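Each remark here refers to the structure printed beneath this line.
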Amino acid sequence: MPAASSRMKDTTLLGLLPLLLAASAPQHVAAQSATQQQSTQTVLSSIILNGAIFLVEIVVFFILRPKFRKVYQPKSYLGPEDERVPPQSPSLFGWITPFIKMDKSDILHRQGLDAYMYLEYLELMIITFGPIFFLTWAVLMPLYATGVTRGSTGFNQFTFGNVGSNTTAQLRYIGTLLVQWVCTLWLLYNIQVKVSKFVKLRQEFIVSEKHATTAQAKTLLVTGVPNNLLTEDKLKALYSHLPGGVAHVWINRNLKDLPGMCDERLKWCNKLEGAEASIIKTAFTKIKKGKVEGVDASSYLDGAIPLDLAEKYIAKKERPTHKVGSKIPCMGTEVDTIEWCREEIAKLNHDIEAKRHEVATDFEKYPADNSAFLLFNQQIAAHMAQKAQTHHLPYRMVDRYIEAHPNNVVWSTLNMNPYEKKIRTLVFWLITLALVFFWTVPVGFVAIISNIQGLAEKVHWLSWLDHIGPVTGIIQGILPTVLLAVLNMLLPIFLRLFTQLSGVPTRTGIELSLMDRFFLFQIIQNFLFLTIVSGSIRSVSDFLDSLRKNPSAFPGLIATAVPKGSTFFLSYIALQGLAGAGSGFVQLVPLVVYYIKKFLLGSTPRKLWHIDNDMGSVSWGTLFPVTSLITVIAIGYMVIAPIVVGFALVTFILYYALYRYNFTYVYDQKPETETSGLFFPKAINQIFAGLYLELVMLAALFFLVNAPDSNGGTKQTAIPEGAFTVVLIVLVAGFHYFLNNSYGPLYNSLPLTLVLSTNANAPQSGATAAKLEESLYALTGSDVEKNVSHDSPVKEVVPSHINGALDAHGSKAIDTLNEGIMSAFDHPAVKEDQRTLWFPNDRLGMGLAAVKAAQKHQLSTTNVDTKYDEKNRLEVSASIPPGESLD
């Protein structure tokens, strides 16, 4: 064992050396404040600056809120009427009381269970850390502060390492142990309460009649289907033993270049809309400058607008052009954009229809792919099909996705070979791990900046930093946390791409996988690595010298690092909790971007409609890990540096207020992205990851505590405390196992006992094809504005007007539906028509002339619900852009 232990130490050192060297400067690098006073100054600078930023942002929010509804309360007037919230009072403070009194369950109705459970997660943190804050500050901070032998001052006197070095003083660690046990048991209790509530809410949602009777609730996506089963009859027969059987099957096809042709057509439709709008704007500009004389469209007899009306106002050289025939920008043949796009779209319309005819008739050239959507007659059958072992061979039909929605499907990765998918998953997880460790270089640079004072002591040309005290504090406290936030914004772009390339066929599945990957990065880089680098290394050169002389000192150096690493995290939490929450309220970036888009990019009716009507949403795959990092930091320093708990508690309170406001008034979470709360149990497991880390660090600290003995050497004095911490680790692991073992199967299941207690899955003799048609219409995005209600305690994954139920003869009922409804799960490339071109309607008649010219090429075109006001500003009044749906 000693030899093995020695080899492990050497391996650890060798693995860490490249990381430390990568994070070091060419000559000397420092990573610890020169004095304890400077670390306190760093934190105070961060608190003061971020507090000032927060106050300014909140004041700006209060002032701007009533003036910019689109940014601060779009849910009060946008979207389906039944999903809107009451408008806020225009007074400065009159909106606060109604907001506080609003029932949190309203968010459940309007935003779904994912949003509601995120607020529950924040509430869990507040309920947990509130008492822990009072306990640790009342017991541990005085206990640590009384230590005088270490000479710590400032915030560092309230850390684990400040307890005295003599045996008597170190008896105070018994208090640390007792507080750790109390805090851990309190955390476990609250986790169990919230998990129990989540399971209950999710089950209520799944079996609620409004959801259970929807087509989405009964639809299953199956991938990896072998060729011998890729027919509708065989798949129906395979699942015929399940209650009610299969109502309908959609088998996906290899469409080859058809999706690319449809994308190309949409690209040119957008370009044509922009070009037509631009010449109208140019004409208005020339009329305003007196270069041409405008003629009102009403002067033309019988509305006979000439198709070449634009030539009256726009010279040929002024018309928009672009280059074609080359993939290299600015190369190729220059063409008139309007004329070319009309002809190209018409040509693509013809080619696409011809290609679709081939797809419908030639099953050899366009064979079936290895995935299918199955619509069951009963909800319980869909859930049983998901859980059942379908095929007797490996990797056949093993990936099954319940609650399938067409808008949630990633069509490009839907039909990946099962073996290819496994290999891709392995490869991109390895790339993810490599990226996590590669990110050490920029994160290490951030850590070095957080200890710039120590760097100044080692690098002579930075000595001037010693003479600008407050500025140095700002550099150490603010700049590193800002840089870290920027790095954290860049990484999810890569991780999301890795997940998609791994073959995950649903957008919600990508977000769930991204949550795992991003949290792995957060806990390794933003917690463990920063804890070590920010807290333990006075200078990398000195650190390496110490290790070379005495490798066995490494654990002691790391143990010393953990408490002192709290300085950086205090600054980080201050940034996230104060400036971060304040920016979430004031939303200056969305405000500026909105008006930039409106005045610079809102050139076409379609673009202007989306600028004015689209609402924001959150990405759960990144929001939860960022929040979980704060949780891990708070738990990690819960007893080691209890001052962190107070900072974290304030952050969670501000986050709760921020996201409750935004989910009420600002965000619009799309139903097809709803997982019914599946991000929440992942977040709970991430809490346990932080708790394990904290307990292991604490146990190590206890075992490394030593005091002088009578023989002039040292002896370990906190072995019992370390042993009891190990016992606590075992208890936590046991609790974690039983929590997942007891509640885990309920996260994704529909228990039979719940089916018996509801009529949602019972055959209904009164069900008709019309009811099913209404349900399937919802999946295709039709008629989504009418009949929305919110009687259910939770929001449906699809709009609540979907209430079609299949009877025992559901498959026969489907046969009576028209072909358009039965294409609900067909690839968009085989069913979507050319999107209707939407041109402006102007007083000169140029928009109407553009409509007629495009219709001459057999293009679907309109100029309804648009106009220019007296100042020649474009306005739109459509409830939805032509050719689009609200989903």
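Every residue number used here counts from 1 along the chain in the order it is shown.
From the backbone N, Cα and C atoms, a Cβ is placed for every residue, glycine too.
Per TrEMBL, these features apply:
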- 1-31: signal peptide (SIGNAL)
- 43-191: domain 'CSC1/OSCA1-like N-terminal transmembrane' (DOMAIN)
- 47-64: transmembrane segment (TRANSMEM)
- 124-145: transmembrane segment (TRANSMEM)
- 171-191: transmembrane segment (TRANSMEM)
- 218-412: domain 'CSC1/OSCA1-like cytosolic' (DOMAIN)
- 424-702: domain 'CSC1/OSCA1-like 7TM region' (DOMAIN)
- 426-453: transmembrane segment (TRANSMEM)
- 473-498: transmembrane segment (TRANSMEM)
- 518-537: transmembrane segment (TRANSMEM)
- 573-596: transmembrane segment (TRANSMEM)
- 617-637: transmembrane segment (TRANSMEM)
- 643-662: transmembrane segment (TRANSMEM)
- 683-705: transmembrane segment (TRANSMEM)
- 717-739: transmembrane segment (TRANSMEM)
- 818-881: domain '10TM putative phosphate transporter extracellular tail' (DOMAIN)
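Ranked by Cβ pairs under 8 Å to the transmembrane segment (573-596), the stretches 124-145, 473-498, 617-637, 643-662, 717-739 are led by 643-662. Looking just at the domain 'CSC1/OSCA1-like 7TM region' (424-702), the mean pLDDT is 83. Where the transmembrane segment (47-64) meets the stretches 124-145, 426-453, 473-498, 643-662, the count of C-beta pairs under 8 angstroms peaks at 473-498. Long-range contacts of the transmembrane segment (643-662) within the same chain: residues 99, 104, 107, 115, 118-119, 122-123, 125-126, 129-130, 132-133, 136-137, 141, 155, 158, 566, 569-570, 573-574, 576-578, 581, 584-585, 627, 630-631, 633-634, 637, each at least 6 residues beyond the stretch ends and with a Cβ under 8 Å from a Cβ of the stretch. Residues of the domain 'CSC1/OSCA1-like N-terminal transmembrane' (43-191) grouped by DSSP class, helix first, strand second and coil last, total 112 helix, 0 strand, 37 coil.
Through the fold, the transmembrane segment (717-739) approaches residues 167, 170, 173-174, 176-177, 180-181, 184, 188, 191-192, 195, 684, 688, 691-692, 695-696, 698-700, 702-703, 705-707 of its own chain, all at least 6 residues removed from its boundaries and within a Cβ separation under 8 Å. Residues of the domain '10TM putative phosphate transporter extracellular tail' (818-881) grouped by DSSP class, helix first, strand second and coil last, total 17 helix, 10 strand, 37 coil.
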